[in-house]
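All remarks here apply to the structure that follows.
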Amino acid sequence: MTPSRGAWGVVGVDEAGRGPWAGPVVAAAVVLAEPIAGVTDSKRLSARSRERAAALIRSEAVAWGVGRADVTEIDALNIRRATFLAMARAVAVVAETSPIAEVLVDGREIPDDLPAPARPVVGGDALEPAISAASILAKTLRDAEMVLLDEAYPGYGFGRHKGYGTAEHRRALEELGPCPMHRRSFAPVRRLLGG
């Protein structure tokens, strides 16, 4: 038989956290047997709807995996390469338990070191159910991590803005300076460090 969508191993991959000034970049990889009702691009869902959808994905997906690149890796590699590393890690988790025929990656580029043929899908988080599912998992898992970082590093508001460059975050950086979770390679943080 020839591989096809669903249980035969078409993996959707997406990330969350490329743009924030703090925290990791998180990627998810998902194999679906069939589309799951209510699962669409994570940016189109409320936080509550994303959480419900994430629970459905975790229970109904044929396979799923998560990869991340932390702040140290982001600063050492750059955000593009760190994102690809997180994606490759997520796909590797899926590959441990599920055969992979093809990897569909949201965006214009694909990582080099994937265990199967891959292709980019521009706007894939709205077009491909497996990428939509990956988008939701990556976003909910990263958001949960940022809430924990808010407790570990109070005063920055990570639980509210999730590390993105809001006015609140800018004020906190100016008042407190960067914490270990800030991406020193990002211009707003680098400027505060005198770079």
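Cβ coordinates are placed from backbone N, Cα and C, and glycine is handled just like the others.
From a predicted model like this one, the values you see are computed outputs, not experimental measurements.
Annotated in Swiss-Prot:
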{"type": "DOMAIN", "residues": "8-195", "note": "domain 'RNase H type-2'"}
{"type": "BINDING", "residues": "D14, E15, D106", "note": "divalent metal cation binding site"}
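Neighbours of the divalent metal cation site: apart from D14, E15, D106, residues of the same chain with C-beta atoms within 8 angstroms of the site's C-beta centroid are V13, A16, A27, A28, M87, V105, G107, G124, D125, I131, A134, S135, A138.
A sphere of 10 angstroms centred on the C-beta of D106 (divalent metal cation binding site) encloses 26 other C-beta atoms.
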